[in-house]
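Visitor: I have a structure here, written as structure tokens, and I will follow up with some questions on it.
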Amino acid sequence: MQTINTFSWINQRITRSISVLLLVYIITRTSISSAYPIFAQRGYENPREATGRIVCANCHLANKPVDIEVPQAVLPDTVFEAVVRIPYDSQLKQVLSNGKKGGLNVGAVIILPEGFELAPPDRLSPQMKEKIGNLSFQNYRPNQKNIIVVGPVPGQKYSEITFPILSPDPATKKDAHFLKYPIYVGGNRGRGQIYPDGSKSNNTFYSATAAGIVSKIIRKEKGGYEITITDASDSHQVVEIIPPGPELLVSEGEYLKFDQPLTSNPNVGGFGQGDGEIVLQDPLRVQGLLFFLASVILAQIFLVLKKKQFEKVQLAEMNL
């Protein structure tokens, strides 16, 4: 009886331990996968600096293209699409945090004019919902509804991201006006090279922090290298730690200069930013334009009819 109780107690302990480990894994996995936009959100009050540079470029060092497509003009209180395209070669593989190769993820930030915001789900058409898919958008700050971020998401599926945007109504929002507004966008593909604290990720190259001879190279069990550089003048040693991912370019006995690359650069992604323009159109102005065009068309019709009538009169007079 005592043996059965002992086994039961051990079984309970093992079950609890496994449950705790699974919970920790799920929490850490979720926080890592959703951390990339949060890096910028935690570090910067505004994602666009005074110089016009979007802060994502501080971590994603390679420059890559990005494109935005918006309507030329929209009416107040109207849902429209802002399409952000993040082009890249879908065959490329990036270095993951564990040093293995995997597909590229993408992310984007769109900075709208004040008053413009993410459209609520009940205002979306079925076609727009289909384009959006399973994307989850969030505001950069709770009080900054005009700045929207998304990602990281799989690049093969979402290299084109559709943002559903709701235009403001100046009749209900005093800060909104019928004007032409700029829209700014930033988009990245792949992991960054630098973390917000300034440390390097394993998705970049590493260089020597001292000149000297490579006296020892140790390949770590979990990947990566430990390189010992010995200064020939005073035998001072510097140990360089290389994480798993970048490929080693140096060998033992080789003399290195200061800042000489120790590894290749595995980065295949990059960040880009662009801009567009949109006009918040006054409906009365549109109605006035339509009325003017209708008046012009009617005037042209009357002129044609009058001309034909005049020609008939002339023809009748000539026959007399």
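Note that Cβ sites are derived from N, Cα and C of the backbone, with glycine treated the same way.
Pulled from Swiss-Prot, these are the listed features:
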type: BINDING; residues: Tyr36, Cys56, Cys59, His60; note: heme binding site
type: SIGNAL; residues: 1-35; note: signal peptide
type: TRANSMEM; residues: 286-306; note: transmembrane segment
Visitor: Could you say which of the binding-site residues Cys56, Cys59 has its Cβ with the most other Cβ atoms inside 10 Å?
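Guide: Comparing the binding-site residues Cys56, Cys59, the most crowded Cβ belongs to Cys56.
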Visitor: Under 8 Å between C-beta atoms and at least six apart in sequence, can you list the same-chain neighbours of His60 (heme binding site), or say none if there are none?
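Guide: In sequence order, Asn188, Gly190, Gly192, Gln193, Gly269, Gly270, Phe271 meet the Cβ cut-off.
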